[in-house]
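First up is the structure itself, then whatever we jot down about it.
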Amino acid sequence: MAGGSATTWGYPVALLLLVATLGLGRWLQPDPGLPGLRHSYDCGIKGMQLLVFPRPGQTLRFKVVDEFGNRFDVNNCSICYHWVTSRPQEPAVFSADYRGCHVLEKDGRFHLRVFMEAVLPNGRVDVAQDATLICPKPDPSRTLDSQLAPPAMFSVSTPQTLSFLPTSGHTSQGSGHAFPSPLDPGHSSVHPTPALPSPGPGPTLATLAQPHWGTLEHWDVNKRDYIGTHLSQEQCQVASGHLPCIVRRTSKEACQQAGCCYDNTREVPCYYGNTATVQCFRDGYFVLVVSQEMALTHRITLANIHLAYAPTSCSPTQHTEAFVVFYFPLTHCGTTMQVAGDQLIYENWLVSGIHIQKGPQGSITRDSTFQLHVRCVFNASDFLPIQASIFPPPSPAPMTQPGPLRLELRIAKDETFSSYYGEDDYPIVRLLREPVHVEVRLLQRTDPNLVLLLHQCWGAPSANPFQQPQWPILSDGCPFKGDSYRTQMVALDGATPFQSHYQRFTVATFALLDSGSQRALRGLVYLFCSTSACHTSGLETCSTACSTGTTRQRRSSGHRNDTARPQDIVSSPGPVGFEDSYGQEPTLGPTDSNGNSSLRPLLWAVLLLPAVALVLGFGVFVGLSQTWAQKLWESNRQ
C-alpha cells in the first residue's frame, strides 16, 4: 500500500521538480555552475521572512539589491528594518519590514531582491544566488512557489524526501482549520522539505505517515461539524505512553474530528496516533504533536524537533519517549500572521536538526532533516472584539529655556515644619546637639514634573559659602557618613502641594573647631546647600539613592573643593548660634571621639588625692615628731 502510494505520487512530484528546474522557479535559480541553496519565504502583515537552509560547514551571508543592481550588506538594523538570525545546524532567517531599505512597491506588491552567499570556513564562497521576495505572493496557479522549488543538489544525490499523502481538508465556515494539500502552495498547511541524504540505498521518495489536521467544535451548534480524515488502524497502534488528545467532548466523533484515535476500552479513550497532528483552537492556541514512530520512520531524532523561528522559551510543553508536544499561542514562538481577504492565516514551521557524532578523524550523522509547515486559517468575520484599548497620543514635550531658579532655605521652629523663623529672628540660638529643622524649597514653579535635588549642604563660619573651615551636612544628596550624629532626611506629609519642590532634613547643632588649635570657634554657623532642578521624563526618575551604612566619627571642619564647578547655592536667612548647657559659649580643648574631655576633672581628682594624702601624712608625721621630742626633753629634765 505504501509502495503504491509512493509510486502514484512519485511521477507528479518528479514532473513538478523537473518543471521547476527548467525555469518556472525563476526566483530560486542558482548562478550557473553553482549548486543552489534550499530556501523559502513567507509574507506577513508587516514584513517578509526568508528561510535558507545551509549545508554543514557553510555560513550564510545576505545582501539586498537595489533597483540598479547594487548590493548592500545586511546587518541587524532598526533603521533599515532588516534582521538576521542564524544559529549552527539551523536555518538562517532574514526578516525585512515592508518599510525597509530597498523594498520596492509595484502594483500593490512589495518586492525585495536578496543575494545569498554560502561561505566555507576558509572564506571561499561555495554557493551564491539571488532570490526575489514578492508580497503578497503571486497567484500560485501561474507561478511556482519557492517553497516547492527544488535545490540543484537534488540532481546530485538521492535524498530522502518527506512527502505527504493528500487528504480532504476543507472545513465548514467559521472554523479554525488547516488545508492539507501539499501540491497547492497557496493553501497547503504542510510544505515538506527534502531531507539530507541518508547513508545507504533508499527510495527516492519516502512516504511519511499521513499527517492529520483537526478542528475544534463550532461555536454555532446549529452548524455541521467538520469530520476530518480518520487515522488508520495501524496509526492508532500506539505501543505505550498514550497521550490524551485535547478535545472538548470525549465522544468518538469529536475525537476523530480532532485527528486523534478513539478506543473506549482504554483508560485514555481519545489519544494521539503515530503521526504528526496539528490542532488550531479558537481561543488562540496551536497544538503540534509529533510521534516517535514518525521520527524513526524518517530517520530523525524526536528530541531535535523544534520550532524554526522560536526563541529558547518556546521549548516543548511535553516530551515523552513516544511523543513531543508544542502548545503555544498563535501570536508567539515565531508564528507569522497575514490577512487574505476575510481570512486570518497563522503559519509556523517545525524543523529537525541533526545529531553530529565527532570522532578522532571526522564527524558523522545518522539523522535526516525535515521541516513541517503548519497553517491555521480562521474566518475574520466570525470573531467579535472582546476588548478595546485606546492609546491616546503622547503629551507634547515641555518647552524648556534657560532661566533663574528661585530657591529658599529656611529653618522650622519644630519638627512639624508648620512655622518658620523670620529674618528678624536670626541669629537662632541652640544648645549643642539640639536639632535644627531645615527646609529647602523651589519658588514660583507649578510644574509637577520638576524635582528639587540637593547635592551638597554644609555649615560655614560666615556668610561666605566658601570660607573655611566647613562641615558637610549632606554629600551628593545623602547624609554625610562621617558624622556621628547622622543628619536625618524628613519625608513630606500628603497635604503639601508640589511635594517634589521641597527637601527637608534635620541636623544636630554643632560647633566648628579651629583646625590648628582644635578649639571651638567663637561665632555663628551659616547653612548652605547647592541645588538643581530635574525634570522627570522617560527613564529619568530624578531620585537619589542613599546607602544605609553608618559610621560614627567626631565632627571636624571639612574642606570643600567643588568651587570650580558652577552651582546654584542657597543659604539660610541668618546664622545659628550655639551655647553650652550653662548658657555660655564653650571654649573646648582638643577631644577625641570617645568624649575624653568629660573625664579630665576625674583625672585631676585622682592625681590630687595622693598629693593631699601625702601632705596630710607629712603634717601628721611632723606633729607626732614634735610631740615625741617634747616628751623626751621633759623626761630628761626630770
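Backbone N, Cα and C atoms are what each Cβ position is placed from, and that goes for glycine too.
Summarising the annotation, Swiss-Prot assigns compositional bias 'Polar residues' to 165-175.
As annotated by Swiss-Prot, disulfide bond applies to C236-C261 (among others), with the evidence given as sequence analysis. Around the Cβ of C261 (disulfide bond), 27 further Cβ atoms fall within 10 Å across all displayed protein chains.
DSSP assigns C245 (disulfide bond) to coil in the three-state reduction, placing it in neither a helix nor a strand. The disulfide bond annotation in Swiss-Prot covers C245-C260 (among others).
When secondary structure is read from DSSP and collapsed to three states, C270 (disulfide bond) falls in the strand class. Of all Cβ atoms in the shown protein chains, 23 besides its own fall within 10 Å of the Cβ of C270 (disulfide bond). The disulfide bond feature in Swiss-Prot is assigned to C255-C270 (among others); the stated evidence is sequence analysis.
Feature annotation from Swiss-Prot assigns disulfide bond to C457-C478 (among others). C478 (disulfide bond) counts 14 other C-beta atoms within 10 Å of its own C-beta, drawing on all protein chains shown.
The domain 'P-type' feature in Swiss-Prot is assigned to 234-274; the stated evidence is sequence analysis.
The feature domain 'ZP' is assigned by Swiss-Prot to 279-553, with sequence analysis given as support. The average pLDDT computed for the domain 'ZP' (279-553) is 82.
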C-alpha spacing of C457 (disulfide bond) relative to C236 (disulfide bond), in angstrom: 81
Reduced DSSP assignment, C260 (disulfide bond): coil
DSSP-derived structure type at C255 (disulfide bond), helix or strand or else coil: helix
Listed disulfide-bonded residues among C261, C457, C478 whose Cα sits within 10 Å of C255 (disulfide bond): C261
Most Cβ neighbours inside 10 Å, all chains, among the disulfide-bonded residues C236, C245, C260: C260
Separation of alpha carbons, C270 (disulfide bond) and C260 (disulfide bond) (Å): 7
